[in-house]
Each structure stands twice: as structure tokens, then as C-alpha cells.
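**Student:** The structure that follows is given in the form of C-alpha cells.
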Amino acid sequence: MMNSLATALSDFFFEYETPRQVLVRNKHIGVVCRLVQLAVLGYIVGWVFLYEKGYQSTGSAVSSVLTKMKGVGFTRVNGTERVWDVADYVFPEQGDSSFVIMTNYIMTEGQRQGTCPEVRPHFDWQMTGKCVNETGTCEVFAWCPIEHDREIPNPPLLMSSENYTLFIKNSITFPQFQVFRSNLVEGIDNKYLKSCIYNEEKDRYCPIFRLGDIVKLANFEFSAIAREGGTIGIIISWECNLDLPIKYCRPEYQFHGLYRSVEEEESAKASVGYNFRYAKYYMEGGVEKRTLIKVFGIRLDITVRGEARKFDIIPTLTAIGSGVGIFGVATVVCDLVLLHVLPKKNLYKNMKFKYTVSQEEVSCFPESVTILNLQPSLRGMSSG
């Protein structure tokens, strides 16, 4: 018993087993094998390493965005002239990454709480139960006079907003690699910022954008979107290869129209454009009054997407290991052709597989021993 155990342990530790290989000289199989191996090699080198960057680890970004608008608008409505600056046409005013720029409006001045005839049926108003013969409508308790918002000014009152400028300051970090960047990249200083305007070809890294250019890059017509409003998404994309010098880690700007244009939505007549209301309250003669403004504007939503890559030995070894395993596909394909397609498939089976008979079967069927002894050439061939 001890001798058997010792022998088993000795065989386990001091013997090495290797699979038997059969060399087949066949032009067709050789070509198939090399083509499959070449395809696998192309996949590993071209797709895994060059395209997918399988030799690098990835890290996501943490970012912040600050914005600042500049520009002054001028309107003349019913003989009243008005100047609009940033504090008047940007909502909210904190410089967030999502805000609205007013391009058109309907203003109702001198509203006070009281009773007046409704303009049209409106379920939000408090009905008094009286009818007004002059207007043929019901009397309501509301902020009077009632707002008339059916006729939207056309052309937009603030068409000058096309020339407003937007300054975007974006800071980003990749915590996994301890890398900090800003969209004020190398070459952008105070002197450059005073004269540059973003251009896809000439000034692609300038962080100052003309509102009209943003609308155009989002495939909108400014006069159409300015009349009833809309939404545009600005994406700041950081794709950084940290195996290269850090100066090549630069942002790319993309512009997308998030709401369809006014012309496209006219057929639906449902929630066209973008608008909201806000009011300015004041006291006059001891009575609270307000100026109600229905704002039509362009909403800008700024989103930052970032991913950094850097060489890492662990994903490199993983990619190589998986690639080596895929090389086994060539062997599987060639074996299928050898054993099931070629005319000499039985010969290849005898060469590849070694058939043996257990002692129990030999004692029960002694004639099998005679067969093996009578065909030494086959036995030698099968034992390979």
C-alpha cells in the first residue's frame, strides 16, 4: 500500500505529460490553418490593441462647468424702448451649466389682483359667476389685466441675441491617474481670449462661442428657434491618451438640437418650442402690482464626458492571454476539415487517435488480440 502511494506521488511530481501532435502535409489544410491564424492575429492586433486599446486601463472624469454670457439687446415695442443686458435675459443668473437665454417675449405690465373678463376659457382662474356682456366672457378673479399670449411676436424681439457670446470654463480631473486639466489649454491666454471666437477649423479650442454659431452647429435656423424657443445640448468630450504628453489631452465640442425645429413640430401642434413665465413685483400707491413676462428662449444644457487611458500591464497580459486562446480556433477548424471533409478522413482519424483495449475486453474476446497481432503495421500506425 505504501509502495503504491509512493509510486503515485513520484509519478505526479516527477513526470510530465504532453499531448501528441500529428504533422499533416496537406496544402489545403495548411492554407486554411494560416488564414485562420492570420485573421485571429489581425483581430488581436488591429481590434483589441490598436482600436480598443486593450493594453490600457481606463479612468472616468470628474468635472465642473462655469458659464458667462455677454451682450446687450435693444427693443422698441409700442413706442417703448428698452435695453436688455445679461441680468435681464439669462435665467438663472448663477452661471450654471444649464440655463436659458431669452430671445422673444410677451410682456403684460401693471397687473394687480382683482376682477376682470377672461380672455379665453382657463381652468386655473377663479370664476366669480358673473358674465361680462362687452366681451361675451366670464368674469374671473385673477391678476388683471389678463395676459394676451396667443400672438407671438414675429420676427423675434431679441434677434440681436444672435450675436451674444458665451464663455465656458470647464475643469476636469481623472482621479485614477491624478491628472488635472482645464479647457483653457496651452496657448490660450488673456490676450487670445480677447479676440477669439470658436470656429470648428481655425479656433477649435477657443472657449468663447457666438450664440448664432451654436444654433447653426446644432442644425437650427436662428430666426425659427428664437421665435418660440428650443433646447440645444453642448457636449464637452475629453478622450485622453495619457501615454502621450499631457498637452494632447484637449476637449472637443459637440452641438446637438434636443428639441426639433419649429417647422418640424408644426404638424403636431404639441408643446412647440420652449417658454416659461416670470414676474417682477413692485408696490404702487400701496397696491401690489407686477409685470408678467412670458419668455421664449434657447435653453443650453452643457454636459461633460471624459475618459482617460494609460498603459497597464494587467489588461495587457489579459488581452495577450485571451488572444493566445483564440488561436485554438485554427486547430478546431482544421481538425473538422481533416476528420469529416477530406477523402482520407479515416486515415487521419487513425493517425490522430490511439485506440486501445482494456485487459477485461481481451480476456473476453481473445480474437481481438489475434487481429492486432496479424496487423502490426496498423498497430504501429495507430500508436503513432
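A Cβ is built for glycine as well, from the same backbone N, Cα and C atoms used for every other residue.
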**Student:** Under TrEMBL's annotation, the disulfide partner of Cys249 is which of Cys206, Cys240?
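**Tutor:** So the cysteine paired with Cys249 in TrEMBL is Cys240.
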**Student:** Mind telling me which of the binding-site residues Lys68, Lys70, Arg277, Lys294 has the densest Cβ neighbourhood, counting other Cβ atoms within 10 Å?
**Tutor:** Lys294
**Student:** Long-range same-chain neighbours of Cys144 (disulfide bond), Cβ under 8 Å, sequence gap at least 6?
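**Tutor:** Sequence-distant Cβ neighbours: Gln111, Arg112, Gln113, Gly114, Thr115, Cys116.
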**Student:** Measure from the CA atom of Cys196 (disulfide bond) to the CA atom of Lys70 (ATP binding site) and give the result in Å, rounded to a whole number.
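**Tutor:** About 14 Å separate the Cα atoms of these two residues.
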**Student:** I'd like the Cβ neighbour count for Asn275 (ATP binding site), meaning other Cβ atoms within 10 Å of its Cβ, all protein chains included.
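**Tutor:** Its Cβ has 19 other Cβ atoms within 10 Å.
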